[in-house]
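Enquirer: Sharing a structure, written as structure tokens. Questions coming.
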Amino acid sequence: MKSAALLLPLYAAAFAAAAFHHEHAQAVIQEQQLTIVEPDEYLIELSPGETRWVTENEKWELRKKNINFFDITHNAELGTLKRRINAASVEYPSKPVFNETLAPLLKELDKNNMRAHLETFTSFHTRYYKSQYGVQSSAWLLDQVKKTLADAGASKASVKAFPHPWGQSSIIATIPGKSDKTIVIGAHQDSINLFFPAFLAAPGADDDGSGTVTILEALRVLLKSDEILKGEADNTIEFHWYSAEEGGLLGSQAIFQSYEKEARDVKAMLQQDMTGYVQKTLDAGEPESVGVITDFVDPGLTEFIKKIITVYCDIPYVLTKCGYACSDHASASKAGYPSAFVIESDFKYSDNKIHTTEDKIEYLSFDHMLQHARMTLALAYELAFAEFK
């Protein structure tokens, strides 16, 4: 996800360890890195129309300074094609209406499932998108999604890897409805250690292991609905796990560029990036809440999500901002699709251990992640049966 303030002592310790174990570090580099032909410089977009050529090291330095961007080196066409559907024309329900139907489903959400998945997901040395570990973690995640569909008997549903030239694939699970109008639920699967991405550990428990397992659990329970399972929902639902978010929203850009070219009719996209950290909120004396992002998002979809949280979650929301290109919903927006983003807290209280070796499970609240899962499940179900024009 976006860069949080990284702690200098963590860098110093990492540098000392790297220097002391130089030979071991070289071995890790050789094991992790894939053979990938990379350009000398990358074209990044820091705000609409503001572009710059930078080296890879300069990309990471920008991230350390909390500066986000699209890497548009290979995705310059995203957002340039005319689409048949105007995102501004999408109208969302005036209020949630499936309270009674969702009540028993919400009870099926299990934080123990999220913990078990996250324990394995964070056991990979890193999920850096250009590493062999990143390839392995993506393959493991694909297997978990396949198992989720198989266990549910979801014969109409499917899942596929969306390959990328850097090695780590994105993943797309599709639950067909009665129309091609599509609701997308997303999270990113990669992690990064911004000090030495190629070889330092990046457990990525919160960023974005938490979002990854949150939407996986929402998918599992959504498939307990007979109507969803039988393809009787009005709209198609997709769950996306993006590769290479940390490199400049690369995986989501590739997917939404392909959707734009195919004139795919995406009615809504919700990103879940960092769903588990609450300690800074509590330390500040503030009530536990979820953070609804209000900048660079679709206002209509965001307003409906606020209603979803009010009805289906046990904690309130706060309104907050995260800036341009701060997570994968920005790729959907750039393609002309209405998107939204809900994070774990007010942005100023979000996890500052991300992108380091300290982004660990022990700092997360699975009760809080359960609230994100409730919101995700409820939104997916409500919009699956929404009547869009």
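From the backbone N, Cα and C atoms, a Cβ is placed for every residue, glycine too.
Quantities reported herein were computed from a predicted structural model and do not represent experimental measurements.
Below, the features straight out of Swiss-Prot:
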- 1-18: signal peptide (SIGNAL)
- Asn99: N-linked glycosylation site (CARBOHYD)
- His188, Asp207, Asp273: Zn(2+) 1 binding site (BINDING)
- Asp207, Glu246, His355: Zn(2+) 2 binding site (BINDING)
- Cys322-Cys326: disulfide bond (DISULFID)
Enquirer: Out of Asn99, Cys322, Cys326, which of these recorded positions is nearest His188 (Zn(2+) 1 binding site) by C-alpha distance?
Expert: Cys326
Enquirer: Using C-alpha atoms, which one of the recorded positions Asn99, Asp207, Asp273, Cys322, Cys326 comes nearest to His355 (Zn(2+) 2 binding site)?
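Expert: That would be Asp207, the closest of Asn99, Asp207, Asp273, Cys322, Cys326 to His355 (Zn(2+) 2 binding site).
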Enquirer: Among all the protein chains here, how many other CB atoms are within 10 A of the CB of Asp207 (Zn(2+) 1 binding site)?
Expert: 33
Enquirer: Around Glu246 (Zn(2+) 2 binding site), how many other CB atoms lie within 10 A of its CB?
Expert: 30
Enquirer: Let me check the 10 A CB neighbour count of His188 (Zn(2+) 1 binding site). How many other CB atoms are there?
Expert: 32
Enquirer: Count, for each of the recorded positions Asn99, Asp273, Cys322, Cys326, His355, the other C-beta atoms lying within 10 angstroms of its own C-beta, and report the residue with the smallest count.
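Expert: So among Asn99, Asp273, Cys322, Cys326, His355, the recorded positions given, the one with the fewest Cβ atoms within 10 Å is Asn99.
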Enquirer: Take the C-alpha atoms of Cys322 (disulfide bond) and Glu246 (Zn(2+) 2 binding site) and report the distance between them in angstrom, rounded.
Expert: 15
